[in-house]
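Structure record follows, encoded as C-alpha cells.
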Amino acid sequence: MKKIAHIGLGIVKLLGLIVLVMAINGIPMLFLARGQDLPVYIEILLVLAYLVLMFFAIRTLWRRYQTHVSEDIKVLSFSWGDFGKALLFFLAARVVAVLGTYLNIFLTGQSTTSNDSALQNLGKIMSVNHIFFALLYVVTVAIIAPVIEELVFRGFATIFFFEKDQKISAAIITSVIFALPHISKWTEFPLYFAMGLVLYAAFARRGNLKDSIAVHILNNTPAALVMLFAMFR
C-alpha cells in the first residue's frame, strides 16, 4: 500500500512539473504570437520578469533535485572530456533526428513533426521590431527549455519512480513520458522516444544531469541559431 501511495504521489508531482515545463516553454511563444502591438518598455519588462522567474524556478528545482543526489555525484565536474562525450551523444541525437524525419515522411508524407513546425512558424514571426521577445524565444529554445526539461524528464522522473539498478526500466518509461508532451500524432512518437533514450543514456553514463543538459542544449542550439540568423535577413 505504501508503495502504491508513493507511486501515486510521484505521478501527481510529475504531472505538476510537466505542466510547469509546458508553461515555461509556452510563455515566450505567447509573447511572440500576441505581443506584436506592445510598446518596447512593456516588452523589456515582460522579458525581465520572465527571466527572473525562470532563475528562481530553475534554482529551486535544481536544489530540490540535489537533495536526492548522492554526494559522489554532486561533486562531479563537467570537464572537456565530458563535453567531448556530450558531442558524441549529440551526434547520436542527430542520427535519430534524420532517421525520425525519414520515418515521418514515410508514414505521413511530412518532413517535420508538428512540434518542429510550430517552432518554425513562430520563428517566422520573429522580428527586429520586437528583438527582446525574439531573443528570449531563442534563449528559451536553446538553453532554458533543455535545462528545465532535463530536470523534469530525466531528473525527477527518475528519482520519483526508479532505483539505481533499474536503468533499463527508467530509460524506457522516462522516454515515453518525454515523448508524449512533444507529439500531436502517434507517428511522431518513435522520433521523440528515441531522442529520450539518447538523452537518458547521456544522463545515465555518470548519473549526472549536467551531461544530458549539455546534450539537450547542443541538440536545440542549431535550430535556435537558424531562427535567429533568419530574422536578420
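Cβ coordinates are placed from backbone N, Cα and C, and glycine is handled just like the others.
As recorded in TrEMBL, the features of this protein are as follows:
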| type | residues | note |
| --- | --- | --- |
| DOMAIN | 134-221 | domain 'CAAX prenyl protease 2/Lysostaphin resistance protein A-like' |
| TRANSMEM | 12-32 | transmembrane segment |
| TRANSMEM | 38-62 | transmembrane segment |
| TRANSMEM | 83-107 | transmembrane segment |
| TRANSMEM | 127-148 | transmembrane segment |
| TRANSMEM | 189-206 | transmembrane segment |
| TRANSMEM | 213-232 | transmembrane segment |
Proximity verdict for the transmembrane segment (38-62) and the transmembrane segment (127-148), three or more C-beta pairs under 8 Å: yes
Same-chain residue ranges lying at least 6 outside the transmembrane segment (83-107) that approach it to Cβ under 8 Å: 113, 187-188, 190-192, 194-195, 198-199, 201-202, 205, 211, 214-215, 218-219
Distal contacts, the transmembrane segment (127-148) - CB-CB under 8 A, six or more residues away: 20-21, 24-25, 28-29, 31-32, 35-36, 38, 40, 43-44, 46-47, 50-51, 54, 57-58, 61, 119, 213, 216-217, 219-221, 223-225, 227-228, 231-232
Residues of the parent chain within Cβ reach of the transmembrane segment (12-32), under 8 Å, 6 or more residues beyond its termini: 43, 46-47, 50, 54, 57, 61, 118, 122, 125-126, 130, 133-134, 136-137, 140, 144-145, 148-149, 152-153, 156-157, 160, 177, 181
Other parts of the chain folded back onto the transmembrane segment (189-206), taken as Cβ under 8 Å at six or more residues beyond its ends: 73, 76, 82, 85-86, 89, 92-93, 96-97, 99-101, 103-104, 113, 115, 150, 153-155, 158, 167, 170-172, 174-179, 182-183, 212, 214-216, 219
For the domain 'CAAX prenyl protease 2/Lysostaphin resistance protein A-like' (134-221), mean pLDDT (0 to 100): 96
